[in-house]
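Residues annotated as active site, thioimidate intermediate in TrEMBL: C321. Feature annotation from TrEMBL assigns active site, proton acceptor to R417. Summarising the annotation, TrEMBL assigns NAD(+) binding site to D264, S265, S266, G314, M315, G316. Feature annotation from TrEMBL assigns K(+) binding site to G316, G318, C321. Per TrEMBL, IMP binding site is recorded for S319, D354, G355, G356, G377, S378, Y401, R402, G403, M404, G405, Q429. Annotation source TrEMBL lists domain 'CBS' at 167-224.
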Amino acid sequence: MDFDKPCIDDGFAADRLFNQGFSYTYDDVIFLPHFIDFPTDAVDLRTNLTRNLSLSLPIVSSPMDTVTESSMAVSIASLGGIGILHYNNTPSEQSSLIRSVKSRRLPFITDLPPSVSPSDQISSADDFGSSPCVLVTAESGRLLGFVARSDWEARSDARDAPAKDLMRPSPPSVTASCDFERTAEFLAREALDFVPTVDADGVVVDLVTKGDVERVRRFPRLGVPPTVGEDGRFLVGAAVGTREEDKRRLEELVKAGADVVVLDSSQGNSIYQIEMIKHVKRTYPGLDVIGGNVVTAYQAENLIQAGVDGLRVGMGSGSICTTQEVCAVGRGQATAVYKVASIAARSGVPVIADGGIGNSGHIVKALVLGASTVMMGSFLAGSHEAPGVYEFRDGSRVKKYRGMGSLEAMKKGSDARYLGDTSKLKVAQGVVGAVADKGSTLNFIPYTMHAVKQGFQDLGASSLKSAHDLLRSSVLRLEVRSGAAQVEGGVHGLVKYEKKLF
C-alpha cells in the first residue's frame, strides 16, 4: 500500500479549500490526520529564516517594544530560533541592544549588582539593592573586587569607609565567550557561589550564580544547537523603517553586528519599501533583508522582484492589532500564509507567518501551510525575558503588552511603520493591554515545540520540507470547521477545570 497517497477522496486539498473566496483564520481550518511511521523525536524542525540564514527551530520573536530586546533575543537564539530587535528607540539604543546580544553566550542576561569606584562609600544597605554584593570597578569598567553585604553589615564603620577598604579581591572569572555549560563547570570546580563573566577589557558582562545554574538546568532541553554564527556569537536581527533617516540607522546596525534586517511596515507593498530593499542589497550585499508585511501573492511578487531574502506575512491578525477593523484591509492568517507561501516557494523565498499564534496548534498550521518560521508577539509577551516589569492586576501577575499601532507606541516613533509619521492626525491601529506571567521562554518554548512535533507526527510529516511536499501534492487534506466544531475541538461541557499545558 502506498501511504503517501490517500486511498479515499476525503477532505479537501489546500489549493481547492483556499480558492473559494473565503478568508480563513487558523481556527477556521483543521488538518485531517495522515499515516505515522516514525517516532515524535524523529521530527526535524530545522528551517530557513531567509535564503541564507538557517535555524534549528522555526521560532522568531517579534520586533515589538514589549516583546524583543536583548534578553528575549538571547533566550530565543539559545533555543535555536532568532530574535528581531524593535526600533522604537534611537539608532544608538538599538545598536547597543545588538552589542549586548553579541557579547553573550549564556541563555539569559543577568541583573548585574550595583558598582562603585574604589574611593566611593556605601552609605546604606539600599545601595546593594537585592544583590549580595556591590562590584568595585576602575574608571574603565574593569573589575577590581567586590564588597559583600555580609562584610559591610559586620563593620561598624562601613558607612564611612571607602569601598577599597571593604572589598574582597576580584573572584575568579570566565570570559564572556564561555557558553553556559563551561561556565557552570567552572563554578562547580572552583566551589564558588558566583562567577563574573568578563569581556576582553575585564569589564563585567554578567554575573552567574549557583541559583542561575540550578534554575536553567531544571528547564527542559530540546537537544538542538543554538543559533550562532561562525564566531560562536548569537545571531540577532533588527527591524528598521523605510524612510531616508532609516538608512543612517541601518548603517549603525550593520556596524553593531546585525545579522539580518527586517523592513517593518504594516503594508509592505510600497515604493518606500521597494526602494529600501534595493538600497540594502546594493549597499550591504552580504546582509539578508526580510520584506513585508504582505498577505497577497501580488504584494509578495513585487517584493520578491525587488530582491528580498524572506517575506513576513500577516496584516491585522495579531491579538493587539486593529488594522482590519480600522482600515478594512487584511486577510485571515491561514489564507494569507498559504497564498503567499505558494508564490514565494517558486522563487525559493522563505515565509515568516507573523501574527495569530495562540497555541502550538496554530504553529503547526502555519508551518504546514507553507511558512518556514512563525513570528510570535503575544505568545512571548509576559515572559521573564520580555521587556517591562511585572505588576498585579485583579490578583494576577501581568506585564504590559501593546501593539506597535497603538497611540502609546506611536508616540515613541512606531507611526512610521503605518506610514503615518508625517500625518498631523494619528489614528490607532492597535491597543494597549496586559498579559499574564508566562514564566521563562527557556521553559515553555521547549514544551510548545515538542507539541508541534507531535502535530507533525500525526500528519505523517517528519520535517518542514516533508509537510510542504505533502500539502502541495494534495496528500494532506483539510476541512473548514463550523462554529460548533470549534467548540467541540476545545474543552467543553465542564463546570470547572484547570488547563495545565505542561
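Keep in mind that glycine also has a Cβ here, set from the backbone N, Cα and C atoms.
Among the recorded positions listed here, namely C321, G355, G377, Y401, G355 has its C-alpha nearest to that of G314 (NAD(+) binding site). For the domain 'CBS' (167-224), the DSSP-based tally of helix, strand and coil residues reads 19 helix, 16 strand, 23 coil. All protein chains shown were included, and the count of other CB atoms within 10 Å of the CB of C321 (active site, thioimidate intermediate) stands at 25. If you take the CA of G318 (K(+) binding site) and look 10 A around it, the binding-site residues you hit from D264, S265, S266, G355, G377, Y401 are G355, G377. Across the fold, the C-alpha of M315 (NAD(+) binding site) and the C-alpha of G355 (IMP binding site) stand 8 Å from each other. Take the CB of S266 (NAD(+) binding site) and look out to 10 A: across all protein chains shown you find 23 other CB atoms. Each of the binding-site residues G314, G318, G355 was scored by the number of other CB atoms within 10 A of its CB, and the lowest score belongs to G318. Reported as a whole number, the C-alpha separation between G355 (IMP binding site) and G316 (NAD(+) binding site) equals 8 Å.
Here Y401 (IMP binding site) is positioned 16 angstrom away from G316 (NAD(+) binding site), judged by their C-alpha atoms.
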